[in-house]
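J.: Can you keep this structure in mind? I'll have questions shortly.
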Amino acid sequence: MRGTRAQTNTGRKEGVNLNKQQKQKKETTIDSYYSPNGTEGERSANDKPEIPANWIQAVEELKTQLREAEDNWEKNLKIKISHLETEALELKQENSVLKAKIIQLENEAKEMKDEAKEMKDEIKRMKDNLQRNSDQKEKDDQKAKDEIQSLRTRVKQLESSDLTRQQDTIRQNKKNEKIEENVKHLIHKTDDLENRSRRDNLRIIGLPEDHDKRKSLDIILEEIIQENCPEILEQEGKVEIERIHRSPPVFNPQLTTPRNVIAKFKNNQIKEQVLQAAKKKPFRYHGNMVRITQDLSASTLKDRKAWNMIFRKARELGLQPRIKYPSKLTIFLQGKVWSFNTTEKFQ
C-alpha cells in the first residue's frame, strides 16, 4: 500500500514539472512574439499588423492567469513535496520499528528454540523416570501379591479361632458389665458416706480473704450468725465449732474469688438452724454478701452444678425449682411435682 502511494506521488510530481515546463515555454513564445525586441518569431515594426485592444487585454489577462496558475502550482508542489517528505519520514520510522520487531522476533524464535530443546530434554528425562517407575511398580505389585497371599493364609488361621475368641469376648463383656455395676454402686456408696460424714458441716462462700488476718475464722462465723440470725445465739448460747478452715488450704494468687470456708459444728441442730435461716434470706458480713450452704462431696457438687442453667430457667418460668439430696432437681408443673436426676433427660 505505501509503495503504491509513493509511486503515485512520484508520478504526480513529474506531471507538475512537465506542466511547468510547458507553461514556461508558452509564456516565452508569447512574450517574445509581442515584445518590441523579440528575437524568435518576431516581426519588424513595419510588418507588424495592428492588434485589436481587446486581444491585448485578453493576452494580458491570460498572462496574469498563467502566472497565478504557476504560483498555485508551485504552492501545491511544495505542499506535495512536504507531504512526500513526511511520508518518507514515517516510512523510515516504520522501517525502524519493523527492524526492531524483526530483531525481537528473531530473539523470541531463539528463545523458543532453546525452550523446545529444554522441553525435549525434559520429555526424555520423564520417559526415563516413567520406565524406572514402571519397573519399580512391577516389583511392588509382585511384592503386594505375595503379602496378600500371606495375609489370606493368616486370615484363614484367625477365622478358625474366631469363634473361640468371640465366646471369650462375650464372657469378658458380661464380667465387665458386672464390674461396672459394682463400681457405680461403690462410687454411689462412697459419695453417700462422704456426704454423711459432712452432714455437720457448712460451706461459707464469698467471705473475703483479708478478714482472716484480723480475726480467726470461728470468731468470724459467730459474728456472721450474730449479724444475720441472732435468735439462734439467744436460744442456744455460744456456737461450738469442732473445726473450721479454708478450702483448698493453699492460697492461689491467680484466683479472683476468695476460697470457701468449711465449718464443722459440734451440734447438728444449731447447724440446721443456721442453714434454714440462710435459705430464707441472704447473709451479710461487714457489708459483704456471703452465702451459706450444706457442705457436700466434690462429685455431688459437680452434679448439682450441672443443673445451674436449667434451675435459673425454671425459676424464671415460675416452676419453683428445688435441688434435693443428693442432686435431684424437682419442679412444680400442672399441679404435680416432677423429679429428675442428672443422668435423666427431658423427653
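Glycine is no exception: its Cβ is also placed from the backbone N, Cα and C atoms.
Quick paste of what TrEMBL says about this protein:
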COMPBIAS  1-10  compositional bias 'Polar residues'
REGION    1-52  region 'Disordered'
COMPBIAS  40-50  compositional bias 'Basic and acidic residues'
COMPBIAS  125-149  compositional bias 'Basic and acidic residues'
REGION    125-177  region 'Disordered'
COMPBIAS  158-170  compositional bias 'Polar residues'
DOMAIN    199-295  domain 'L1 transposable element RRM'
DOMAIN    298-338  domain 'L1 transposable element dsRBD-like'
J.: From the DSSP assignment alone, can you count helix, strand and coil residues within the domain 'L1 transposable element RRM' (199-295)?
T.: 36 helix, 28 strand, 33 coil
J.: Within the region 'Disordered' (125-177), count helix residues (DSSP H, G, I), strand residues (E, B) and coil residues, in that order.
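T.: For the region 'Disordered' (125-177), the helix, strand and coil counts are 53 helix, 0 strand, 0 coil.
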